[in-house]
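Colleague: First the structure, then my questions, so here it is.
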């Protein structure tokens with residue numbers, strides 16, 4: 001590790017195979033916490049390269065616990081986190097909204113590392129028991145149209161660095177990696193990123209894959225469509241900037257999207273959205289993220305139709321019923 005750190009301190013970049021080997025060594029416990037923290041710190045001080053990102057991703061996917069749910073052609077809706085905004089669990093709520101609209105979803109998530117509550121925290125608040133058993137995950141897809149994959153069960157390297165990430169409490173390159181390493185390798189993905197350079201990096205990375213994708217970024221720094229500002233959506237060969245008003249939404253204030261101070265607070269907000277008692281801003285931000293996920297699956301549909309499908313799922317109670325069935329089956 002000493003030689004690797006010297007190389008990085010001298011502003012050199014890692015090759016793809018080199019990055020892959022480093023992540024494998026982290027997962028195998030070959031480096032101590034101080035060495036891993038030093039490595040992470042390097043990537044806080046400069047942008048990660050495409051070769052480095054792909055190498056780290058290669059390692060995680062090679063070491064993953066594989067799960068084959070390809071017959072469902074599922075979508076994952078996931079953000080990098082690390083935007084410092086402490087929003088409620090928008091992407092998780094959007095997942096249940098999309099599932100309620102009839103589209104299969106495989107949500108890959110984790111505990112919050114830089115925020116109060118990650119997707120796994122919300123699931124635990126509902127009594128969900130995590131599993132890596134393919135038959136149980138397949139049954140969840142068949143019965144509820146959604147399955148949840150708790151990242152540490154499927155990616156040993158993510159489990160190994162979890163205490164270090166929590167202690168650092170700032171975004172790291174593992175934030176960038178999380179959305180890229182869903183062990184199912186879903187057919188579709190809606191990915192949220194916290195800055196424009198990462199949007200371009202993700203777009204470039206996904207152009208080499210078979211996954212149909214869209215990458216979103218709100219221009220005021222959110223790693224999802226926040227409706228607080230204009231936002232960019234990038235797909236293979238296309239980028240477009242939208243305003244909330246152009247889609248029929250009022251702009252939100254940042255305070256309206258706050259996730260609270262505890263996992264219990266975040267779970268209450270999540271439940272209010274699912275039950276239809278949340279504020280207009282909270283519901284709208286879930287609807288718009290769900291709509292763009294539906295658009296990834298059905299690119300022929302106008303975005304207005306996708307918004308209508310997402311709204312109907314949330315406001316009719318289909319999303320709530322999907323959550324209820326999911327909790328009953330997986331509790």
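For all residues, glycine too, the Cβ spot is worked out from N, Cα and C.
Owing to the predicted nature of the structure, the values given are computational and were not obtained by experimental measurement.
Residues or ranges marked as anthranilate 1 binding site by Swiss-Prot: 79, 110. Positions annotated as 5-phospho-alpha-D-ribose 1-diphosphate binding site by Swiss-Prot: 79, 82-83, 87, 89-92, 107-115, 119. The annotation Mg(2+) 1 binding site is assigned in Swiss-Prot to 91, 224. If you look up Swiss-Prot, you'll see 165 marked as anthranilate 2 binding site. The annotation Mg(2+) 2 binding site is assigned in Swiss-Prot to 223, 224 on the grounds of sequence analysis.
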Colleague: Looking at the binding-site residues 79, 110, 111, 165, which ones sit with their CA no more than 10 Å from the CA of residue 223 (Mg(2+) 2 binding site)?
Modeller: 79
Colleague: Between residue 91 (5-phospho-alpha-D-ribose 1-diphosphate binding site) and residue 224 (Mg(2+) 1 binding site), what is the CA-CA distance rounded to a whole number of Å?
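Modeller: So the Cα of residue 224 (Mg(2+) 1 binding site) lies 8 Å away from that of residue 91 (5-phospho-alpha-D-ribose 1-diphosphate binding site).
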Colleague: Are there residues of the same chain, six or more positions away from residue 87 (5-phospho-alpha-D-ribose 1-diphosphate binding site), whose CB falls under 8 angstroms from its CB, and which are they?
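Modeller: Once residues fewer than 6 apart are set aside, residue 87 (5-phospho-alpha-D-ribose 1-diphosphate binding site) is near 115, 222, 224, 226, 257, 258, 259.
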Colleague: In whole Å, note down how far the CA of residue 165 (anthranilate 2 binding site) lies from the CA of residue 79 (anthranilate 1 binding site).
Modeller: 17
Colleague: Roughly how many angstrom lie between the C-alpha atoms of residue 165 (anthranilate 2 binding site) and residue 108 (5-phospho-alpha-D-ribose 1-diphosphate binding site)?
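Modeller: Here the two Cα atoms are 18 Å apart.
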Colleague: Could you tally the C-beta atoms, other than its own, that fall within 10 angstroms of the C-beta of residue 111 (5-phospho-alpha-D-ribose 1-diphosphate binding site)?
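Modeller: For residue 111 (5-phospho-alpha-D-ribose 1-diphosphate binding site), the 10 Å Cβ neighbour count is 19.
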Colleague: With the cut-off set at 10 Å between Cβ atoms, which of these binding-site residues ends up with the most neighbours? Options: 108, 165.
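Modeller: It comes out as 108.
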